[in-house]
């Protein structure tokens, strides 16, 4: 039960979140692993009081390194201020451990070089990793190569053995250089990964904004001229009516005709905005998914055989499915297939299958899929979703079926689609009425003056 809960918790995170968790815990584990290694070595480091002192210092040092790595990573990702306190504590404990190790070696309390060298290398390597995480790789390398020879000199002064000093210098240099570069490169790669993930989300939001601008521009082009005509003719009709002229009725008839034409044009714009061509949607889905780093495979080559209503309905399925793959999964591959079954009534079957489904689901059960079911119901189609696993990966499949005999004759809008049309018409009429009144009042005042 605990393993399943842990697995579900892990799957709920995106790929970027998983990389961050892995990087963060890997860096923090170096500090915690230091104490475990010391436990296996320090028992032969000298008398009891020396062992207790080293254990206390290494416990504090391990905690300081782990917290310093955690806070430094947050600082590098611009999530919290620079951890000056923890960096100071880590530097002080590292220096204290090195000084303590030299003292014990000088007093012959740690006469075994096999214990002295690893203890000194652990403290110095972990401390430098935590302190140099924000320093570029070349500068980190230079600092490590400057510090480690000093450790070798201190070892020679404490032990009087050139061989031991050389061994400790090589050991601390290699360990400190490896961990320092590991910390720096890990933090840099995590930052790049998060920037790419943020850019991907920004690109999706930009696409939505551009679509809204396009829709607004289409509305302006269609309604702008007609609303101006309505305002002018209404103003003229008012003036004629005030003077008792019979031409006022003719002007209002023309206003009525322009209004009805505007309603038809508005419906055409909205309907064209809501309709989706299957071939264009397949090409758009492939472009977007590939741009997001997802391997896209399409085996939908029989688009021309489908009637227009079926293409429009399945085009919406492709659009919604591609959106769900980007927003609700951590997919690395996506496959779209289109088949026309001949068993019984001819039916077009579109399948969208992707891996990386979060929590065992890839598209959820929100309003997007509910709206697709209502659209498909308008042409006699159905929509089903299935989940499963393949090679240890969570899979999600969306299946849309449209009978071609019914797809040739579009039905009246139902459900959410009909309510959307009604709300659109109501908002359009209200906006047109408000603008007409405002323009007419302004024009009337100018004419009266």
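For all residues, glycine too, the Cβ spot is worked out from N, Cα and C.
Just so you know, TrEMBL annotations are computer predictions that nobody has curated.
Values in this document were obtained by computation on a predicted structure and should not be read as measured data.
Annotated by TrEMBL as transmembrane segment, the relevant range among 70-88, 89-107 is 89-107. Annotated by TrEMBL as transmembrane segment, the relevant range among 108-126, 165-183 is 165-183. Across 48-69, 89-107, 142-159, 165-183, stretch 48-69 shows the highest tally of CB pairs under 8 A with the transmembrane segment (21-42). Here the transmembrane segment (142-159) sits against the transmembrane segment (165-183); at least 3 CB pairs are under 8 Å, leaving out pairs fewer than 6 apart in sequence.
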